[in-house]
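S.K.: I have a structure I would like to understand better, so I am pasting it below and will then ask my questions one at a time.
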Amino acid sequence: MTRILSEEVSPIWILTAIVVVAYTTVRYLRSPWRNLPPGPRGLPLIGNLLELRGKQWLTFTELGKKYGDLMYFNVAGQPLVVLNSQKVAADLLDRRAGKYSDRPRNIVASDIMTGGNLVVFTRYGDVWRRMRKAAHEGLNKGVVYKYHPIQTAEAVLLTAGVLAEPEKWNSHIRRTAASAIMSMVYDTPPTSEQDPSVKNINDFVARLTRAAMPGAHFVEFFPWMRYIPSKYAKWKREAEESYTKDSAMFEGLFNGVKDRVAKGDERPSLASTLIQDAGRHDLTDRENSWLAGTMYAAGAETTSGVMSWWTLAMIVYPETQKRAQAELDAVVGRDRLPSFADYEHLPYIRAMVKEALRWRMVDPVGLPHTSTEDDVYDGYFIPAGTILIANVWHLNRDPEIYGPDAEHFNPARHLDKDGKLAPGPADTKEESHVTYGFGRRICVGRHVANNSLFIDIAMMLWAMNIERATDENGVPLPLDVDGCIEDGLVTRPVPFKAKITPRFQEAQAIVEQERELLGYH
């Protein structure tokens with residue numbers, strides 16, 4: 001009986017197996033997943049997770065030599081694509097921005113800790129569009145001139161502080177960056193790095209950075225965990241407490257400006273612009289206060305980071321410092337400080353700003369984008385939900401674009417044969433680098449940052465020489481040119497000492513005179 005049944009059933013099973021295999025084969029052959037970009041093979045379950053440890057920008061650069069400008073990684077089931085050329089990054093993130101302007105989901109850092117109000121993390125949608133439009137109108141190239149007086153005053157204080165306490169040059173850079181951004185956002189300059197507002201916002205940045213790190217919370221891998229009641233989930237309770245605390249902080253700063261606007265005694269600031277245009281942008285006070293706070297948190301860290309790298313470059317490449325000082329002597333002279341009125345006449349200083357942003361990036365892999373729909377690029381399939389990372393480190397140091405000396409600090413690469421600023425590479429939007437990002441997510445504060453860097457660099461080089469420090473025997477102190485440390489949202493050079501002296505006899509007196517005219521004694 002068993003043998004008869006087996007003989008009757010076997011052909012059916014064979015036919016079924018043939019159909020299933022044929023169907024599966026056809027599905028596989030037709031599946032776009034067969035055409036993923038090339039990339040390293042991963043391990044079972046975790047995929048390429050181990051490749052993403054350490055300095056990712058160096059790993060991506062090395063792997064790019066084998067796999068090309070478009071690389072695919074499987075990160076524990078999450079598709080990730082790395083963009084290793086300016087053209088590929090611009091093709092996708094700029095020219096197909098409609099598909100690639102989202103951010104990866106981050107339940108703790110974005111949804112809970114910041115209530116979806118942190119514009120750099122906010123998912124692509126209506127809230128982001130309204131916040132982005134408001135920020136753009138307050139910080140676009142046509143209006144940032146109103147911040148010139150603040151930036152000039154802060155550059156004077158920076159220069160005076162460094163000349164008075166050269167051993168604390170980095171502290172003065174960080175104070176100035178915080179003060180300038182705080183003044184431009186809230187018209188409330190802090191008194192020092194220890195100012196409660198600065199300390200509280202720096203604490204916010206540190207907590208946010210920890211929460212946003214990959215693998216920081218299991219809920220990012222198991223989204224159902226977000227529905228666990230707060231009393232049973234310490235991570236959720238702490239994130240909610242952070243949101244309450246930080247909302248109160250940002251709203252307090254914002255309401256201070258609101259009170260001054262009501263009295264009619266406010267000065268130009270981003271917060272006052274947001275308040276005056278609140279109805280037009282349809283943003284709540286909470287959304288506006290978080291938008292202003294985000295601009296401070298992002299701007300202060302990045303500007304001070306760039307200035308630290310620039311200081312290192314002045315020591316390692318002294319010939320660029322001398323050329324910049326020669327330009328300052330020719331245009332400004334030695335009887336007054338540089339100002340924004342000199343901007344058009346100082347092309348080498350402006351080129352130095354571009355080079356400082358290109359040579360060492362404060363964020364070597366930028367902020368990730370996410371695709372919102374399936375796409376095909378150059379024959380390769382990029383599925384919806386893919387995280388895309390532009391390897392800014394390599395994009396800014398590509399020898400095919402910047403020449404064989406791309407790894408070196410050389411502002412002259414941004415000048416033409418007549419010594420004027422040359423047009424930037426095709427996909428850099430006239431910045432001559434891609435440090436500010438791409439597409440609809442490009443840094444909205446880049447014009448403010450460029451201006452701050454210009455006046456800080458011009459004034460410091462006008463007044464001082466920056467050289468390599470030595471020990472008591474005149475032996476140069478160690479200097480790690482290639483190393484870096486990760487500090488919150490940015491990377492900074494390994495701490496180093498610098499020898500800073502007045503460039504000519506009257507320099508310090510002129511700076512002090514300007515400082516007193518600002519009301520500081």
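Heads up, the Cβ atoms here are built off N, Cα and C, so glycines get one too.
From a predicted model like this one, the values you see are computed outputs, not experimental measurements.
According to Swiss-Prot, the protein carries these features:
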- C443: heme binding site (BINDING)
- N450: N-linked glycosylation site (CARBOHYD)
- 9-26: transmembrane segment (TRANSMEM)
S.K.: How many Å lie between the Cα of the residue listed as 'N-linked glycosylation site' and the Cα of the residue listed as 'heme binding site'?
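M.R.: Cα of the residue listed as 'N-linked glycosylation site' to Cα of the residue listed as 'heme binding site' measures 11 Å after rounding.
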S.K.: Using DSSP with the three-state reduction, classify C443 (heme binding site) as helix, strand or coil.
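M.R.: The residue in question, C443 (heme binding site), is coil (DSSP, three-state).
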S.K.: Return the residues near C443 (heme binding site), defined as same-chain residues 6+ apart in sequence whose C-beta is under 8 angstroms from its C-beta, sorted by sequence, else 'none'.
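M.R.: Same-chain residues close to C443 (heme binding site) (Cβ under 8 Å, separated by 6 or more) are A298, Y436, G437, A449.
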S.K.: Let me check the 10 A CB neighbour count of the residue listed as 'N-linked glycosylation site'. How many other CB atoms are there?
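M.R.: A 10 Å sphere around the Cβ of the residue listed as 'N-linked glycosylation site' contains 17 other Cβ atoms.
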